[in-house]
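> Feature list, courtesy of TrEMBL:
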ACT_SITE  HIS250  active site, proton acceptor
BINDING   GLY73, MET74, ASN75, GLU76, LEU77, GLY78, ASP98, ASN165  NAD(+) binding site
DOMAIN    68-141  domain 'Lactate/malate dehydrogenase N-terminal'
DOMAIN    220-389  domain 'Lactate/malate dehydrogenase C-terminal'
REGION    1-37  region 'Disordered'
Amino acid sequence: MNKSDDNERLEEEEELSSVGQEETNNQTVQQSNDDESKLQHDLANELKHTLKIPITDELPNIGPTPYKVAIVGMNELGSATAFLLICRQVVTDIIIIDKNSKRLAAEYADLSTCTTFVSGVNIQASNQLASCEGARVVILCDVSDDDDDHDHEKQQKSTTVPSSNPHEKLLFNFKITSRAISHYASDCVMIIAVQPFEVMTQLCAANSMIPSYRIIAPGTMIDSAHFRLLISEKLDISPASITGIMIGGHGHNNLPLWNSITVGGIHLLSENTSIGTSHDKENWHQLHRNVNQRQEDVIKIKGTEVWSISMASSELVECILRNKREIHTVTVNIKDHYGVKTDLFLSIPAIISQNGVSHLITMNLANHQNENEFASIIQNIETTIKEKLKNI
């Protein structure tokens, strides 16, 4: 090896040494910066980052979250529905939505505390309908446009300017809200908890982009529950051992199917062929009137059947999320059935699956009297819907 080669080798070693020293200096500076940065973080942030180790750079799935439910409108009904879903522990994510930020914050503070008593339920709050995106089920409980930023202004105007028709305002808000929800959560099943169920489901189907089989309301599911409860009280037997349904419309447009009543598997109609008629000595037909009277009393005192509707809604959510395929008398579209040629929503037995209504159940109306009564109910509901929606 000559002298020039030795000089070149020494120059290369000096250059490598210089680079190594520079990297060491950079690492020392970087370590110093990192140490300083760590000192600036509080304990909560430190734990937040050090306890969670990312293992993938893949983007999250942007499709519907299998167990996410959005509740729009945090009135008394919305709050009760959220509470029952937390207790059922069938959902993983609940998003509560309301325009009134003060009411929303208070409900979130109260409900989020409840999640500490159960496991696996996360609750979030938002005042934007866009937060419905990714929800598997959306429950519409309230469509009022009360905004706490304008409450004072509205109170001042209300003293000088007469208010518009409150029913028409409700329908207009519902129309806008349901269409917006269908835009953000086009794959969801929408449960309508706003009354009147028949009118609201019809309005939703006409103005949203969601197929009608994914639009349902509790409807006579509530009437049927009242019906079974009164039967159980009359017989002093648990309602869990009793079947019996009411169809048609929620309220005075309902129709009890007496041939659907069984007690421990025994059909009451086989024991008493006159059951439900005016000449029935056991006065069973009085139960129908008592169902409607009970509902009237509740609404007169409370304003709405908060717990009945919220319990029925939460039951439907569980059927959808778990694909239980249970039969419930819910408000659904009966177009092309029972002589109906156009869209018309009322309650009949239906199978509730992961996509909403998968099948309608053929009903045995038993006799011409029931057929005529049901035909009359269909006509009454058609008339009511046309009258309510004529200006919308």
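Backbone N, Cα and C define each Cβ position, glycine as well.
Automated prediction, rather than curation, is the source of TrEMBL annotations.
Fair warning: this is a prediction, and the values are worked out from it, not measured in the lab.
I'd like to know what surrounds each of these features in this structure.
The C-beta environment of HIS250 (active site, proton acceptor), restricted to residues of the same chain at least 6 apart in sequence and closer than 8 Å, consists of GLN195, PRO196, PHE197, GLU198, PRO218, GLY219, THR220, ILE222, ASP223, THR331, SER347.
Around GLY73 (NAD(+) binding site), the C-beta neighbours below 8 angstroms that are at least 6 residues distant in the chain are ILE97, ASP98, LEU140, CYS141, ASP142, VAL143, SER144, VAL194.
For the domain 'Lactate/malate dehydrogenase N-terminal' (68-141), the DSSP-based tally of helix, strand and coil residues reads 34 helix, 19 strand, 21 coil.
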> Can you count the other CB atoms that lie within 10 A of the CB of MET74 (NAD(+) binding site)?
25
> By a simple count of other Cβ atoms within 10 Å, which of GLU76, ASP98, the binding-site residues in the record, is least packed?
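Candidates: the binding-site residues GLU76, ASP98. Fewest Cβ atoms within 10 Å: GLU76.
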> Within a 10 Å radius around the Cβ, which one of these binding-site residues has the most neighbouring Cβ atoms: ASN75, ASN165?
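Of ASN75, ASN165, the one with the most crowded Cβ is ASN75.
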> Across the domain 'Lactate/malate dehydrogenase N-terminal' (68-141), what is the average pLDDT of the model, as a whole number?
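Looking only at the domain 'Lactate/malate dehydrogenase N-terminal' (68-141), pLDDT averages out to 96.
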